[in-house]
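Enquirer: Heads up, here are the entries from Swiss-Prot:
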DOMAIN    3-167  domain 'EngA-type G 1'
BINDING   9-16, 56-60, 119-122  GTP 1 binding site
DOMAIN    185-360  domain 'EngA-type G 2'
BINDING   191-198, 238-242, 303-306  GTP 2 binding site
DOMAIN    361-445  domain 'KH-like'
Amino acid sequence: MSFTIAIIGRPNVGKSTLFNRLVGQKLALVDDMPGVTRDRREGEAKLGDLQFTIIDTAGLDGGPKGSLTARMQEQTETAIALADALFFVIDARAGLTPADRTFADFARRADKPVLLLANKSEGKHGELGAMESYALGLGDPIQISAEHGEGMGELYDALRGLVPETEDEVDEHEETDEERAARPIRVAIVGRPNAGKSTLINHLLGEERLLTSPEAGTTRDSIAVEIEYKGRGFRIFDTAGLRRRSRIEEKLEKLSVADALRAVRFAEVVVLMMDAQNRFEEQDLRIADLIEREGRALVIAVNKWDLMESKPGQISALRHDVDHWLPQVSGVPIVAVSGLMGEGIDRLMQAIVESYAVWNRRVPTAALNRWFEEAIANNPPPAVSGRRLKLNYITQTKARPPSFVLFCSRADAIPQSYLRYLINSMRETFELPGTPVRITLREKANPFAHKRKRPS
C-alpha cells in the first residue's frame with residue numbers, strides 16, 4: 001500500500017501549490033483568495049526516487065457545526081486519519097498567526113510524523129518567518145518555495161527516513177488492448193451548478209467524500225476519485241457547475257470553469273447531469289455541444305427524479321428534445337437517477353460502460369464498404385453546377401471517437417446536409433448512439449492533372 005502524506009495548515013499558505021509541485025502537474029486550483037480548496041484531493045507524488053500518495057486539504061478553519069466551513073474541516077480531519085505522515089505548512093512571509101499555533105496543537109494530537117514546511121521562504125522576510133516557526137514545537141522548519149521549487153532537496157532529505165523504498169519499476173512498454181481494457185474508465189460529471197453531481201459521487205463512494213450544499217458553486221476544483229463498480233474500475237471527476245458566460249463574474253469561478261473544461265478533455269465518457277425539476281435549458285445544450293466538439297462519449301443523467309410528481313412520459317419528452325436540439329449526438333443514453341436515494345445508479349453505470357464501448361468501436365472494413373455502397377445508392381450525392389459529385393470510398397482512421405475519411409472528387413462542394421445524412425445512416429446501421437462520429441473529406445488525386453493539354 002502506498003505511503004500517504006496529508007498537507008495541512010491554515011488557508012492560503014500554499015498547500016495546493018505544493019501539491020501541484022509534487023504531482024508534477026496543475027491538478028489543484030491556486031489563487032490568492034483564502035479557501036479555494038474545499039474537498040480533499042489525492043495525487044501520486046514523486047520527489048527524486050521517492051514515490052508516495054499526497055492529499056491536498058482545505059485550510060484548517062473553524063466554523064459552526066453543520067456549516068460548509070465545518071464540513072470542510074471534517075474532510076481535512078479524514079485526510080489526517082488516512083495519512084501516514086503530515087506536512088504542516090506555514091506562510092513564512094506572513095509570520096506565525098494565532099491560527100498557526102492552534103492548528104499546530106491539532107497536528108501534534110494526530111500522533112503522526114510531522115514535517116514543518118515554511119513556505120514562501122525566499123527573501124529576508126521569509127527567513128525571519130521561518131526562524132519564528134521554531135516556536136510551534138514541531139522541530140526544525142524546512143524552508144521551501146513551492147511556487148519556485150526551492151528547498152525540494154532539503155524536503156527530499158527529510159522524507160527519506162519516512163517514505164519506504166519502492167521496488168524497481170519494470171521496463172516501460174506499449175499498452176496492450178488487454179491493459180487498456182483493465183484501466184479505469186475516465187468519467188467527468190458536468191452540468192449546471194447544484195444539479196447534484198457531488199451527491200451522486202458520494203452515493204457511489206458510500207461516504208461524504210465531496211462537499212454538498214443547496215448553495216450553488218460548492219464544488220470548485222475538479223476532484224478525481226477512483227471507484228470499483230461490479231468489478232469494473234472508474235476514475236470519476238466531479239466538476240464545478242458550468243454557468244452561462246454572462247453569469248461568470250468572480251475570478252475564482254472562471255478558474256473553476258476552466259478546470260471543469262480540462263476535466264472534460266481528459267475524460268473518455270462525460271455524464272451531463274440535469275435537474276429533473278428544471279428541464280432542458282440553453283446552457284445544457286451548450287454543455288452537450290461542447291462535449292460533442294471535444295469528441296467525448298455522452299450520457300445524460302436526469303437527477304432528483306425522486307422529487308418528480310408526474311413521471312410518465314417525461315423521459316420520452318426529454319428524448320424528443322435531445323434528438324431535436326442535439327442531432328449530432330442522436331440516440332444519446334438518458335437515465336433517470338436520484339443521487340440522494342441511489343435510484344437508477346445501476347442503469348447509469350451500465351450506460352457509461354456501453355457508451356465507452358461505442359466510443360472505442362471499430363467498424364469492420366467489409367461491413368463499412370457494404371454500408372457505403374447502399375447509402376449512396378439509396379441517396380446519391382446531389383449534382384452541383386450540373387456536375388455529379390463522385391464518392392470514391394471511405395475508410396476508418398481511428399476510434400475514440402469513431403473517425404472516417406471519405407475520398408471524393410470535390411470535397412468543397414459536398415453539402416453539410418449530405419454529410420449529416422451519411423453520419424445518421426452510419427449511426428443507425430452500426431449502432432453508434434450518443435457518441436460523436438467524424439467524417440473528414442479528402443479529394444482523390446487526379447492522375448491526369450499534371451499532364452498538359454496537347455495544342456490543337
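Placed from the backbone N, Cα and C atoms, the Cβ positions cover glycine too.
Since we're looking at a predicted model, the values are computed, not measured.
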Enquirer: Sorry to bug you, but what's the C-alpha spacing from K197 (GTP 2 binding site) to T57 (GTP 1 binding site), rounded to the closest Å?
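Expert: Here the two Cα atoms lie 20 Å apart.
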Enquirer: Compute the C-alpha separation of N12 (GTP 1 binding site) from N194 (GTP 2 binding site), stating it in Å without decimals.
Expert: 26
Enquirer: Across all chains shown, how many C-beta atoms besides its own are within 10 angstroms of the C-beta of K197 (GTP 2 binding site)?
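Expert: For K197 (GTP 2 binding site), the 10 Å Cβ neighbour count is 29.
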Enquirer: Write down the Cα-Cα distance for K15 (GTP 1 binding site) and G191 (GTP 2 binding site), rounded and given in Å.
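Expert: Rounded to a whole number, the Cα-Cα distance is 28 Å.
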Enquirer: Specify the count of other C-beta atoms within 10 Å of the C-beta of S121 (GTP 1 binding site).
Expert: 25
Enquirer: Between S121 (GTP 1 binding site) and W305 (GTP 2 binding site), what C-alpha distance do you get in Å?
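Expert: S121 (GTP 1 binding site) to W305 (GTP 2 binding site), Cα-Cα distance: 52 Å.
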Enquirer: Which of these binding-site residues has the least crowded Cβ, counting other Cβ atoms within 10 Å: G9, G191?
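Expert: Looking at the binding-site residues G9, G191, the Cβ with the fewest others within 10 Å is that of G191.
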Enquirer: Looking only at Cβ atoms, how many others are within 10 Å of the one on W305 (GTP 2 binding site)?
Expert: 21
Enquirer: Can you tell me the three-state DSSP label for G191 (GTP 2 binding site)?
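Expert: Where G191 (GTP 2 binding site) sits, the three-state DSSP reduction gives strand.
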